[in-house]
Structure formats: structure tokens, C-alpha cells
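Enquirer: Residues or ranges marked as transmembrane segment by TrEMBL: B:9-29, B:41-61, B:82-102, B:114-135, B:142-164, B:184-208, B:220-241, B:270-291, B:303-321, B:341-359.
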């Protein structure tokens, strides 16, 4: 009996000392990064890391006021001729080994994006500890500045940035949240183009100390900006919000979005529609001359959120009029998206794969000249909007205000 | 005697067959097949399943001819000592090298994904010690463990599939049939080669407690493994698209690593890797068992432990020192792997069938003459 006990004890002891073998990772030896930045200068990579300081986030988690003045993160950069060389150089200055498994976002500078992002993708797909679900963002300035910016509502700003972009992508549809594997698969796809959202610090000076986050209002904050067009892995241009919404409609990526529109043929935008569901059918056609026409049919449903027009919303013809106005608005953004992508000669609308899927043989013939052919592709749009509800008020306040109002 | 005491059920045998095929295919199949057939890879795998089913029927049929003797004894009784010696030694060599290859794939994967700094020697030795322990306790033990591993994997795979629902892009499968038929057929070669490992039934078939289920076991085993392959390849394409699959070294696990539900259910690949490790143990144990069974039977060795230890050490060294690096190994797999498996799993069973048929006919004729 005692022999058995001894043996069990031995096995347990063995289990303790052999765990992880040579690869054991002690939490207090790791520098856990929550965000990384990639910049290029004089042909050298400058990699920035936002590293979590465990001791300052473990105390007073959540309560903003309870922060003891310690910054929750520290940001530093290293330089190298290759990405991993730069990362290795961090060992010259950091007491802890960088650990990327909890990295949430990657911020790439415009300079690096213009040079091409394939080295970054290679590192991400080759290194087992970095995850493929990291969100990618582009910034026009220095990525380090983005990483240094603190957020009052989220202690670890890397995680905060990720929350902003996924919230926007799920509820706003203006900018997509792009994960590194999604970027990779669209860059190697037929169109060889992809989109990346922009992040910027708006305002000055930067919020980089916890004293500043303790105030109720900050002089600057992190904001999402435009949408970068990446063509064959290089940044070629930008899309504004109207254009990027159009792209989202064409590629069927709209979740919910608020659209401001005008209830009359012309005039200021005075009403808002909350689009709740949308479905886009994309159908390519080939004309007699061999040119392609893409027909886009959008079906959108949602609720009227606000209107300033004196209208009787009980009447079907009034609703039909509003729906027509909305359709015009959406069509406009789709048209704008087409023009923008023609302007940049880059097929961010995914027409290449649509044609490839429908006409594989013809695609084989045109795929090498696609960049030249793409701007000549015609587009037909048909947008149908259904206003399903008008909210809990039947008439506009404006109508009741007027003296003739009932 | 081992033959008298060890018995496995049909269900266990089916699970064994599936796990003889699935674990290594899981690592490499999606990348290999999509490289050839792009988005039509799943058709290739489907074709390979049909071919595999054909082979499964034949192997089932051949094993049914065996009246219940162990495989080597049966060959010896029908075709003589020399034939048994040739087939037995070749199969021993084959099973040792399959185990070594699996061991190498296993250790490469672990070194790539999890334990980058641990010496491969340590990883391989730990695996071998566990495998030898299982082999020492015999097929019955391996089969019982197999069943647990099998159900665990099936259940968790289905959960994994559900979690991935929102990441699937069905458009990635289009256009269907873009690749011409020869290309699709070419793509089906390697998944078919994987399925030929069903031939191990010749060794484990005689252990089945109910012989009437032999055919069903063979066919179901291949059907399960083949369906698994189809699902796997499809899933990899549906998530990454046909191009990115080729870039990712281990798409099957990369697929799972994309799951992010809220902020709490993420990085699940380690769960699936752990599960897969269990299947890999089963696979290596099965083939090591087959090797030691062939050798022991061939020379009628009563004390099996020394042989098993020797084979284990030999396999371990083969895995460690045959290939200098991963490039070397994949070159070997591309050039030497398929012919080797073809020889052991298709050519030998076919020759065996022909020889048996021939013997039967001459025996029959001789019987007629004696009667006359």
C-alpha cells in the first residue's frame, strides 16, 4: 500500500517538474503585448509594442478613479532590418521576453503600407504564438503615437481599439473590422485588393498619462478615420465614409447602419433611417462585345428613426416616397464606391471573384489584364428599401407645431 | 496465447481503422489537395473516398477468407513458410516506417506549434514510452482507449463546427468544377493513399469477436475517415479560401484558432490540438502493435517485451535521424511515401488475393482428381 502511495507521489512530482519541458513560460518573465505598431524608416522596420504592466492593472481593475497613478501599459519601439530582428532587439532593453499571444490590434503606418505588408503577413503566419485574428489598422502618422494614447474607458487601450473597431463594424458598417487572415485571403483573392480601416489621434495634446485620463474630458482621443485601399499589398488610396458604405453594400457586408436622408426630392438631410437588415445580390452579365456588366440588387429593411418633415406616416404612399428617397441615397453611395474604385484602379468591390465564379472560362482569358479591364466594367444598381416601422411616434413633431396641426 | 485471449469488438475495430487514417491526414491533407485542385479539392477528396470504399470492400473480403488465425500464421498455412517470411518481414518494415513517419510528423508539429525550444529527442521519447506501454498491454487495451479517444474527438469536432458557423464563406467553393477532371483525379491520389491504410485490418481483423461484422467494420472505418477528410478540406476552403489554405502549415488547427466568441471563448486550437494528440498516440500504437505482432508471429516469439522494446528504439531512431529537416521530410513524403503505401496496402493484398485464389483452384482441382 505504501509502495503504491510512493509511486503515485513520484508520478505527481514528475508531472510538476516536466511541465512545459524546455518551453515553460513563466508569467512574470513575459512582456504581454496588447498592441503592436509597424513603421518603416530609412529601410528599417520600427516595431512598437504596447506592453501590459501586470502590477498596475491587477489593482483597482475597472474603477477609473482608483488607478494609483501608474500607467497600465508601457510603450517602446525597437529597430531592425527585418521585423523579427527588430523584435529580437527588444531583448537589449526589456527585462521580459515579448509575448504576442494576447496581441489584439496591429497598427501599420501609411509609409509601411505603401511599401507593402507582405513581410508582416509572413511573420504572422509563420510565428505560432501570434494569432491570425489580430485586427489590422492603418494610421497616417506614427503607430507609436496611437499605442501611447490612453483611453479613460478602457484601461488597456489596445483592447479598447479592438472593441471600437468591432463595435463599429457590427453596428455602423462604415468601416469593416479586418483581421489579418481576412486581409490575407482578400489580397491573394482574384481581385488582389483589400481594405483596411484608419485610426488616428484627433486633437492635441496626446493623452499619455493617467492624470489626464482622470479628467472628465480629454484633449485628444483615438478615432477611426477613413478606409485605406490596398492593392497588391500596397496602399494606393483612401475611401471616405460614403464610399466605404457603398463598398459595404456591394460586398454584402452591411450589418446595421444609420443613414441620413432627405424626405424631399432635394433639400437638406432631415431624416434618419436605421437599416437593420440588408442583403445584396451580385450578378455578373457578359454583353455581346465581351464587356462585363455587374447588376447589384440591394434589399434593405429597417426603421425610421427621425424625421423633420410634416408627413402623415400612416399613408402607404408617404412611406413609399420615403423609401424611394432612401433608395436614391444608397444608390448614390454605391455609385460613389464604384467611381472611387475606378479612380484607384483597384477592385475592392470584389467584381473579379464574382466574374470568376460565374464565368470561369472567360475569367481565365481576362484575368491577366484585369487591372485595365476593371475600370470599364459597367454596373446596374437596383435598391429596394422597406421601412417596416416608424418608431413609437406617428407624426413628426414639426407637423403638430404648425398652427394648422390637429 | 494472445490469439485466444485478445478480442475486440466491431465498434472498436471501426474506430481503430478511422484513427489509423485520420490523425496524419488532418495535418497535411487540406494543403496538399488544395494546392492541386484549388476550390475543387473537396471533389478530389470525395473521389478518393469512393476509391477507398472499393479498397475497403476488397480488404474486408480478403480478411473474411481468414478462418480466425493470426495473419502471418494464416499466410504460412496457405502459402508456405517462404511466402510468410517475405510478407511478414516486409509488413514489419512497413509498419515500423509508418510509425516512424507518424512520429516524425507528430514531433515536427509539436516543435512547430507548441514546444519550440524542447529538443525533439525528448518529445519523441515521451511519445514512444507511452506507445510501448500500450503495445505491451496488447490490442485489447489499445482498442479500449481508442473508443474513448474516438468519441471525444467526434463530439468536440461537432461543437467546433457549430462555433465556426459564422466564419464560413460558401462563395469560396465557386466555381465548382473549374479544374478539369484529370487535375481533380490527381488531387484524389494522396487522400486515397491515406485511406489505403485500411489494410491494417488484415492484421487486426482476426481479433474481432464477431467475424460477421468484418465487412461492415472495414467499410464503415473508411467511410468515417473519408467523410472526415471531405469535411476537413471543405472547412479549410470555406474559411480561408483555396489560396490561403496553401500558405498555412496546419490549416485544420488554424481554422479553430479563428473562433472568437465574446472575449472568453477564443484560442481554442489548444483544445483541439490536445485531442488530436490523443488520436496520434492511438495511430502510432496501432502500427507499432502491428509491427511487433508480425515479427513475433513470424518467429513464434513467446517473450514479446524485448522485441517490442527493440522495435520501439528502432522506430524512434528512424524518426530522429532519417530526415535532416522538414524540407527533407516533405521531399521523402512526396516521392517515397505514396509508392511505399501503395506497395504495402494495395499490391500485397492484391497479390495475396490472387495467390489464395490460385491455391484454392489447384487444391480444388486436385480434390476433383482424387475423387475421380
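Any Cβ shown, glycine's included, is placed from N, Cα and C.
Automatic, uncurated: that is what TrEMBL annotation is.
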Enquirer: Contact between the transmembrane segment (B:114-135) and the transmembrane segment (B:41-61) is defined here as three or more C-beta pairs under 8 Å separated by at least 6 residues; is that satisfied?
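Expert: The answer is no, given that the two segments have fewer than 3 Cβ pairs within the 8 Å cut-off.
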Enquirer: Check the transmembrane segment (B:82-102) against the transmembrane segment (B:220-241) for contact, please; criterion is three or more CB pairs under 8 Å, pairs 6 or more apart in sequence.
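Expert: Output no: the transmembrane segment (B:82-102) is apart from the transmembrane segment (B:220-241).
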Enquirer: Are there at least 3 C-beta pairs under 8 angstroms linking the transmembrane segment (B:341-359) and the transmembrane segment (B:220-241), leaving out pairs fewer than 6 apart in sequence?
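Expert: Between the transmembrane segment (B:220-241) and the transmembrane segment (B:341-359), contact is absent.
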Enquirer: With contact taken as 3 or more Cβ pairs under 8 angstroms (pairs 6 or more apart in sequence), are the transmembrane segment (B:9-29) and the transmembrane segment (B:184-208) in contact?
Expert: yes
Enquirer: For the transmembrane segment (B:114-135), what are the same-chain contacts with Cβ under 8 Å, counting residues 6+ beyond its ends?
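Expert: Residues 99, 103, 106-107, 141-142, 145, 273, 280-281, 284-285, 288-289, 292, 308-309, 312, 315-316, 319-320 contact the transmembrane segment (B:114-135) from elsewhere in the chain.
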Enquirer: Cβ pairs under 8 Å with the transmembrane segment (B:341-359): which stretch of B:184-208, B:270-291, B:303-321 has the most?
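Expert: Ranking B:184-208, B:270-291, B:303-321 by Cβ pairs under 8 Å to the transmembrane segment (B:341-359) puts B:184-208 first.
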Enquirer: Take the transmembrane segment (B:303-321) and find every residue of the same chain, 6 or more past its ends, with a Cβ under 8 Å from one of its Cβ atoms.
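Expert: Distant contacts of the transmembrane segment (B:303-321): 96-97, 99-101, 103-104, 107, 120-121, 124-125, 128, 131-132, 135-136, 288, 291-292, 295-296.
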Enquirer: If we skip the immediate neighbours and take only residues 6+ beyond the ends of the transmembrane segment (B:270-291), which ones have a Cβ under 8 Å from one of its Cβ atoms?
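Expert: Non-local partners: 16, 19-20, 22-24, 26, 91-92, 95-96, 98-99, 102-103, 106, 110, 113-114, 127, 130-132, 134-135, 138-139, 142, 145-146, 149, 152-153, 156-157, 160, 200, 203-204, 252-253, 256, 308, 311-312, 315.
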